[in-house]
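Below is one structure, written out as structure tokens; the observations come after it.
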Amino acid sequence: MFDTPRVANLYNELMLLKAVELKGLIRDLRLRFGNGVRPATRKADMCDNITAFLLAQTNVQPIVDVINGYMPSGHHFIVDERNFVMPARRGPFASTRTAIPQAHSSVPTATPAPTASAASAAAAATTSMITNPSFKSTPFYSPVQRLAGPVICPIATQTCSMRTLVFTLDIGNLNDHEVRVFCAAAMSPAPSLIEFPQVAEIHINGTTGNITAQQLRGIKNTPGTVHAANVTRWMNQGSNQVQLIYAKTEKQYVATAELVKVHPVEELVQQMIEHRSVSKDDILASFREQQANADIQLQFETLSLKCPLSCSRITLPCRSRNCRHAQCFDGVAYMRMNEQTPTWKCPVCNCPIPYEDLIVDGFFADLLANSSDSIQSVRINPSGELQHEFTVREEESDGDAYEDEQEQPSSSSAPALSSSGGGPTEQSLPTTTTTTTTTTTPTIPSNNNSNRPVVMVDLTLSDHE
């Protein structure tokens, strides 16, 4: 056992770890810094070997970063300007420097073996992710304060492992805040997608609350399709303990407990309406530009007034600013779906649509405002003019509506496509009687006004469930 101010209390703190955790720590140190740390079977010997290895180094910060990844919350270390390793919870450092005894001659001095620059960069990136993890942002909540962690979750292929996050909390001041457990694969310092081990559970304050593996899973093999785990409902005034229990994982994870500010769907929708509403004229101008640059000239496009997500009439027509189609979906239903399972994919073309790329379509809003509830879909020409309206033929007992094409009296059927050499002609495009329309500003729909309930699809179930 080493007793030197340079590694104050390191041995005693390492003894808090389990033998399997110390073995994992030694394995990581040997992988990243060479074979200077000797393996052992007894806990005391492993702690001695780790301490001796650290004393033999001139730059101890990268080593301490790895050690901190294994230490429980409240037992981390910092390195001061003298290269002394001190408990992070200790007060001000001593102002006088103490002579550092040389390491015992039987302990070899470890010098990291030369590696390729790419390998060094990868190791540095992993260390950065472990010591200061960054998680990909979401519009539904934003981090305010890190309550505990980060803690590293080592590889556990054959055994069940557990990591604990301990923190204090004043639950009287939560209001519009939540406590969430963030977790991601420890692979890159860049903002990482939320991902929990495939087999994992979260236990809060002993037996007070549990979050099951199914709730943490998301879509199979697709990181980022699950939110950080919300543990707010089980929080106690004062001290709290959150345990992440996991198994059968072949990669490292890093976890933290964060206090976040909640942004409700209604607030996000209102921001879209205020800042990302595109007028009817601008939408029509984009249609004309697309047609001018297209190799194939479309003579018409059929638009459904029903949302492909909720299967009810669209109330807030939205789509991506990057999508090439005119078909919209209901913005509130889209946000509700991603609040449950964050896929952020267009339900029409399956292209990625982050929240920042959503727009409120003024042209589609105008179609909705000037179409009766019996109109289920419309057909428009490339310039946005109405050609046909489709109405409900009959309503089955299960609520599924069948659509029937009801042509305007002056309309005639038109072929689907024409050659790229020429646009639509008077013969191919029917003449319609134009009625006076009123353009309306979209508003957030009330949950009490919809005729049919919004149907949300749970995408978290894998194929075998």
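Note that Cβ sites are derived from N, Cα and C of the backbone, with glycine treated the same way.
Listed in TrEMBL for this protein:
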DOMAIN    115-263  domain 'PINIT'
DOMAIN    292-373  domain 'SP-RING-type'
REGION    386-465  region 'Disordered'
COMPBIAS  395-407  compositional bias 'Acidic residues'
COMPBIAS  409-419  compositional bias 'Low complexity'
COMPBIAS  430-443  compositional bias 'Low complexity'
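Averaged across the domain 'SP-RING-type' (292-373), pLDDT in this predicted model comes to 90. Sorting each residue of the domain 'PINIT' (115-263) by its DSSP state yields 26 helix, 72 strand, 51 coil. Helix, strand and coil counts under DSSP for the domain 'SP-RING-type' (292-373) come to 23 helix, 20 strand, 39 coil.
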